[in-house]
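S.K.: Take a look at the following structure, please.
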Amino acid sequence: MVSAGAMSTSGNLMDFLDEPFPDVGTYEDFHTIDWLREKSRDTDRHRKITSKSKESIWEFIKSLLDAWSGWVVMLLIGLLAGTLAGVIDLAVDWMTDLKEGVCLSAFWYSHEQCCWTSNETTFEDRDKCPLWQKWSELLLSQSEGASAYILNYLMYILWALLFAFLAVSLIKTILSGFIIRGYLGKWTLLIKTVTLVLVVSSGLSLGKEGPLVHVACCCGNFFSSLFSKYSKNEGKRREVLSAAAAAGVSVAFGAPIGGVLFSLEEVSYYFPLKTLWRSFFAALVAAFTLRSINPFGNSRLVLFYVEYHTPWYMAELFPFILLGVFGGLWGTLFTRCNIAWCRRRKTTRLGKYPVLEVIVVTAITAIIAYPNPYTRQSTSELISELFNDCGALESSQLCDYINDPNMTRPVDDIPDRPAGVGVYTAMWQLALALIFKIVITIFTFGMKIPSGLFIPSMAVGAMAGRMVGIGVEQLAYHHHDWIIFRNWCRPGADCVTPGLYAMVGAAACLGGVTRMTVSLVVIMFELTGGLEYIVPLMAAAVTSKWVADAFGKEGIYEAHIHLNGYPFLDVKDEFTHRTLATDVMRPRRGEPPLSVLTQDSMTVEDVETLIKETDYNGFPVVVSRDSEQNARQRQEGIVSNSIMYFTEEPPELPANSPHPLKLRRILNLSPFTVTDHTPMETVVDIFRKLGLRQCLDVLRHMAQMANQDPESIMFN
């Protein structure tokens with residue numbers, strides 16, 4: 001079989017006069033790669049390098065450089081991904097605080113950095129310092145009152161709208177003025193980095209952690225293009241992208257091991273053992289780079305790193321499992337509602353106004369978010385506050401308990417106490433924030449801006465978990481004589497940690513949306529640094545996946561892949577229908593005949609016309625049109641003197657004939673074949689496990705069997 005995509009990329013078939021062919025083996029946009037061919041090409045390349053390395057010292061050095069090029073690429077990816085993550089974190093921190101005020105001593109300082117540098121900051125009022133002024137204090141010289149509140153409210157909304165407008169304007173300008181050929185190109189890296197800072201700072205219900213994976217993959221694509229080992233082999237390039245995805249999760253959550261498992265579990269289609277080690281190295285370098293930058297000033301890789309000092313008890317597994325059920329239900333609700341909204345956006349006039357949609361959603365988010373302190377602050381800060389344990393130094397409303405004046409306990413062992421007014425106020429504010437986050441995230445995710453789903457999902461779960469944790473804590477305090485509390489929660493003991501419930505809820509909701517399990521538990525474990533909390537996390541993650549899978553097997557990312565019609569065979573899908581390969585084979589009766597190339601009767605003009613009139617990726621090469629039913633290759637067959645030949649040696653041509661065109665190198669002499677009675681289950685497994693390229697009809701058949709529109713598979 002000959003690849004039409006390879007033949008059409010250079011424009012004119014006469015360019016291919018002899019070996020090697022320029023651009024042969026490249027793929028156009030929205031085309032799948034041939035994994036077997038790419039692996040075979042890399043094996044041939046490695047064999048040649050090994051044989052040449054014995055010829056001279058220079059060739060031996062070149063072979064060593066080739067062997068080390070993979071590790072060099074991983075090092076560069078880790079350094080750049082970690083640096084960009086640190087810059088993004090610092091910029092988002094500053095621009096988020098800019099919506100509420102400005103530092104007089106240095107306007108580029110965030111609120112926390114400004115107060116750090118002030119000598120007049122006290123411990124009791126550590127969030128207030130003379131150097132940091134809200135906009136009402138700067139413009140009206142007032143910090144309290146209706147006018148000050150209204151001005152701060154308006155400035156918050158205006159800054160949010162400005163950031164959102166700058167983000168969509170920047171994207172629109174680039175798209176109208178430059179050609180972005182690649183989803184992972186240099187322009188994409190630059191624009192994604194800048195707009196990610198702007199949209200997160202605008203206060204929209206999205207996170208930067210998901211897009212950081214895309215940023216890291218852009219870094220991987222850039223550095224792989226510098227080495228021919230990867231730039232000329234799409235299969236090897238995807239090994240680099242798998243490692244880059246691991247580095248992205250590493251800097252997003254401060255979880256290098258979790259990043260490697262995330263790439264293995266969720267991202268990669270092909271993940272050999274060598275890629276596992278290189279992914280680990282890239283994630284390590286990225287985490288080390290981010291740690292050196294120290295963007296949060298806490299010597300940690302993430303803002304919401306926590307440590308708990310109280311063990312969990314067996315009776316708490318029941319509320320942990322309930323949080324898992326909530327996470328599964330939330331994941332199902334979000335996936336279905338978001339896909340329905342995105343489908344409406346694609347099929348109605350709403351999709352024609354992406355800039356207006358972003359501005360309207362930003363305005364609604366800012367207007368509703370400002371009055372509630374738990375929606376006004378950044379989502380990462382909210383998660384950090386919800387995860388934190390209430391120690392003696394905490395000033396949050398969530399820690400407003402009624403203290404016993406006679407208590408003399410260590411700081412890390414404060415007993416359970418009755419909730420104060422601040423805790424009850426925080427509970428209903430969290431309930432309102434939870435409803436708002438659930439609704440607004442459905443409409444935000446999928447807009448034409450960089451939007452991550454990890455942090456909003458974790459925020460939803462953390463709010464629900466914190467409320468459940470406070471409820472269990474107060475129940476244990478006021479009813480410690482109940483049989484479920486009697487054995488492990490004595491009066492005056494520190495029994496329940498509400499922050500742990502927030503963490504478990506965050507894991508449950510994130511697992512319900514993405515259907516992650518192993519990598520999710522490891523990521524959350526690395527966030528807390530405690531081995532003893534793995535069982536609650538595992539219970540919540542597995543429960544959320546079970547509940548979500550009961551309503552549908554697709555996570556949010558698989559659902560968007562199917563919505564966009566991308567040709568993707570998920571390794572987790574099962575084909576349960578009893579159909580045969582003959583149900584997929586084309587052509588059928590009444591359809592046009594099979595498009596083929598003959599080895600001895602077609603001119604270049606005929607082939608160019610065939611390529612222009614069809615949209616296929618490949619064509620069978622047959623002896624003649626009369627033998628299409630049992631097409632075979634003949635080594636002795638030659639092409640006519642008009643243009644091309646597919647044999648090993650050129651045919652003998654008259655002296656005045658044009659130069660023959662040798663196309664043997666783009667001919668697959670051993671294509672995989674199936675009979676018309678092969679079960680479709682076997683055919684799907686062949687395509688899925690061997691990574692074959694010609695799978696469009698298979699995908700359309702699977703869509704038809706699932707009562708979906710086969711034409712929704714848009715790309716070859």
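In case you wondered, yes, glycine gets a Cβ from its N, Cα and C as well.
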S.K.: Do you know which of 187-206, 527-546, 687-706 TrEMBL annotates as transmembrane segment?
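M.R.: Checking TrEMBL against the ranges 187-206, 527-546, 687-706, the transmembrane segment one is 187-206.
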S.K.: Between the transmembrane segment (353-370) and the stretches 68-88, 240-264, 313-333, 426-446, 453-472, work out which stretch tops the count of Cβ pairs under 8 Å.
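M.R.: Selected stretch: 426-446, with the most Cβ pairs under 8 Å.
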S.K.: Taking the transmembrane segment (313-333) as reference, which of 68-88, 426-446, 500-525 has the most Cβ pairs under 8 angstroms?
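M.R.: Answer, by Cβ pair count: 500-525.
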S.K.: Near the transmembrane segment (453-472), which same-chain residues lie under 8 Å Cβ to Cβ, leaving out any that are not at least 6 residues past its ends?
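M.R.: Here the qualifying positions are 205-210, 252-253, 316, 319, 322-323, 326-327, 330-331, 334, 374, 379-380, 382-383, 386-387, 398, 419, 423, 427, 430-431, 433-434, 437-438, 441, 444-445, 496-510, 512-514, 556.
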S.K.: If you count every Cβ pair below 8 Å, which range out of 68-88, 240-264, 426-446, 500-525 shares the most with the transmembrane segment (187-206)?
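M.R.: It is 426-446, which has the most Cβ pairs under 8 Å.
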